[in-house]
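So the structure is just underneath, and the comments pick up after that.
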Amino acid sequence: MSGSNIIPWVVGNWKMNPMQADAQQLIQDLKQLLQDAPITEQQCHIGVAPISIALLSVKQSLQNVSPAVKVVAQDVSQMAGTGAYTGEVSAELLKDSQIDYVLVGHSERREIFGDDVTKIKAKISNALNAHLHIIYCVGESLEQREAGQAEQIVLQQICDLAAVVKPEQWHNIVIAYEPIWAIGTGKTASPQDAQAMHAKIREGLTQITTEGQRTAILYGGSVKPENAVELAACPDINGALVGGASLNAESFYKIAQAFAKTE
Ligand code: 13P
């Protein structure tokens, strides 16, 4: 069964970019594009994930944009609440600043910063318990794909998620499938390969939760305006998590247009 009735999400993960002036320019350009040719919330949820110190200024700059552009944190602490945890930002502190969305489990966090399954589960629980929506990232490495383990790895990552999500919290979850070998490399998974994995993820979700057919599953990994239309045509690809191409307002907007449902 396809998930094609799902409203797509297109989220720009700015990663450790850009400088303030460039971020403000990017926002102004995006606002202009959305003003000239709006994309409604029924067509596509649009979000941007700036660095943590820019979350509030970006939110402020976007405050009168209609339809709303969601502001997404790139990470959250494994520690909950407040306390003596130097350098950390908890889910409760994000919520307190009206930041309602967060990425969890991005492969760069897993690979470079040691976010193991225990930490990721704590982050998921804390975020959901603080009533944040999460975009949970999964994906296999090139080595794992070549060893024929891609599906097993990704489904295990879905099981890790399922281990901590309460039944009533599933509606606050979006999944992003990002094969690690496609991130920042210019190599995209073919629409067929991506669709096949998304279908497997949906099958897995459907066995776990009644929300399985309603959960948006985004693709990430070198998404560009040039490949977005083909990816968007796949029934189980419900949007994109965009890195590099989200740093250019026009590219990002075109990707959102490619995924936006026609009304
Ligand atoms: P790129 O679009 O730059 O490949 O990055 C994808 C990504 O990691 C988004 O989270």
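Positions of Cβ are set from backbone N, Cα and C atoms, glycine also.
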Further binder of substrate named by TrEMBL next to Asn13, Trp14, Lys15, Ser222, Gly243, Gly244, taken from the candidates Gly47, Gly184, Gly204: Gly184
Among Asn13, Trp14, Lys15, Gly184, Ser222, Gly243, Gly244, the record's substrate binders - longest CA distance, Å: 14
Residue pair Glu178 (active site, proton acceptor), Gly184 (substrate binding site) - Cα distance, angstrom, rounded: 11
Neighbouring C-beta atoms (10 Å sphere around the C-beta of Ser222 (substrate binding site)): 22
Non-site residues, in chain order, whose CB comes within 8 A of the mean position of the CB atoms of Asn13, Trp14, Lys15, Gly184, Ser222, Gly243, Gly244 at substrate: Ile183, Val242, Ala245, Ser246, Leu247
